[in-house]
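Asks: Have a look at the structure that comes next, please.
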Amino acid sequence: MNARYILGIDTSCDDTGVGIVELRPGGGVTVRANRVWSQTVHAQYGGVMPELASREHVERIDDVLEGALEDAGLTLGDLHAVAATSGPGLVGALLVGLMYGKGLAQALGVPFYAAHHLEGHIFAAAAEAELEAPYLALVVSGGHTHLFDVLAPGDYRLVGATRDDAAGEAFDKVARLVGLGYPGGPAIGEAALRGDPDAVPFKPPLKGQSGFDFSFSGLKTAALLAHRAGAKPDDLAASFQQAAVRTLVETTVRAAQATGRPTVVVSGGVAANRALREAFGRTGLRVVFPGPGLNTDNGAMIALSGAAAIMAGRAPSPLSVGAEAYAPLATVAAS
Ligand code: KG4
Ligand code: ZN
């Protein structure tokens with residue numbers, strides 16, 4: 001059998017992503033294209049405006065698809081399957097990519113696979129090292145902070161999650177507080193290079209808990225108080241980042257010890273953070289991160305989900321599948 005090409009579409013939030021992966025007969029997978037249009041319209045509001053996100057997806061998706069095909073050196077007729085995110089995410093935004101993907105699959109006469117956004121993030125990292133389960137997966141993004149025990153692809157157990165803000169959301173809010181703009185994660189990372197991480201003391205969140213949950217609202221409030229007390233933005237950025245990284249790494253290490261998993265994949269937008277990567281590098285665990293361009297939302301991770309579904313012999317999704325704002329990964333795993 002020849003190589004098969006799978007298209008993946010993600011429009012769950014404010015990035016219009018279309019990616020293509022090549023699935024070789026032996027089971028190897030290579031990312032052939034990964035085009036993302038990151039919507040800039042939201043910057044002026046300091047957060048994502050759902051209605052504007054949907055409209056932008058509609059306006060951009062044709063061009064993003066064309067660019068991905070061009071990068072891969074393929075035409076629509078070369079595609080063997082289409083995957084698109086059905087949830088979780090902003091419903092109006094999800095619907096754009098989901099309907100587009102279903103229509104494309106039907107027009108081309110190829111199977112369609114609905115994909116779970118968080119599973120896509122996990123596959124983005126897992127593909128880097130062709131991992132064997134079981135392993136832990138920490139998904140840290142603007143909307144999620146979830147720690148899963150991956151028993152097998154498609155079989156996930158939730159080990160811990162944030163009790164309030166997502167990690168990326170906290171980075172974004174602290175960045176806005178000190179005037180660093182949106183999205184704040186990369187801006188905090190840069191400002192932190194110039195600041196003193198020990199200048200502002202942050203209390204460790206959920207200290208003494210026996211479980212593996214996360215909390216970021218206390219760090220956010222502490223940042224606000226320090227800002228009002230006159231802390232320098234660079235010092236505040238460095239200190240906040242250190243505290244956020246510490247809680248993510250320490251909780252994950254404890255979970256790895258408790259479950260006996262030697263390997264952790266870390267994915268989602270915040271996985272691009274250099275301090276987080278360095279801190280995980282010092283843990284002694286085997287830690288796998290997504291490759292360049294695969295941390296933040298993208299279509300290639302959804303194409304990887306499609307490839308995994310094909311390899312696992314999963315039946316294609318019915319074209320009646322709908323978009324779901326709230327979709328716990330466990331329900332998808334059971335389907
Ligand atoms: O995965 P993603 O693109 O979207 C969601 O599914 O939410 O993640 C976006 C989030 C934003 O909150 C952004 O500030 C954060 O990831 N982020 C970072 C970095 N790059 C992106 N946070 C910290 N350091 C970074 N370098
Ligand atoms: Zn995401």
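Just so you know, glycine gets a Cβ as well, placed from its N, Cα and C.
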Asks: Among Asp235, Asp297, which residue does TrEMBL annotate as binding Fe cation at the site that also has His117, His121?
Replies: Asp297
Asks: Check TrEMBL for me: it has Val139, Val140, Ser141, Gly142, Gly143, Gly185, Asn273 binding substrate, so pick out which one of Asp155, Asp172, Asp198 it puts in that same site.
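Replies: Among Asp155, Asp172, Asp198, only Asp172 appears alongside Val139, Val140, Ser141, Gly142, Gly143, Gly185, Asn273 as substrate-binding in TrEMBL.
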Asks: For the recorded Fe cation site, whose residues are His117, His121, Asp297, find every other residue on that chain with a C-beta no more than 8 angstroms from the centre of their C-beta atoms, and list them by sequence position.
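Replies: Checked against the 8 Å cutoff, the neighbours are Asp10, Ser12, Thr85, Leu118, Gly120, Ala124, Val139, Ser141, Gly268, Asn298, Met301, Ile302.
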Asks: So which one is it: of the binding-site residues His117, His121, which has the fewest other Cβ atoms within 10 Å?
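Replies: Relative to the other binding-site residues in His117, His121, His117 has the fewest Cβ atoms within 10 Å.
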Asks: Work out how many Å separate Asp297 (Fe cation binding site) and Val140 (substrate binding site) at their Cα atoms, rounded off.
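Replies: The separation of the Cα atoms works out to 11 Å.
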Asks: Please state whether DSSP places Asn273 (substrate binding site) in a helix, a strand or coil.
Replies: coil
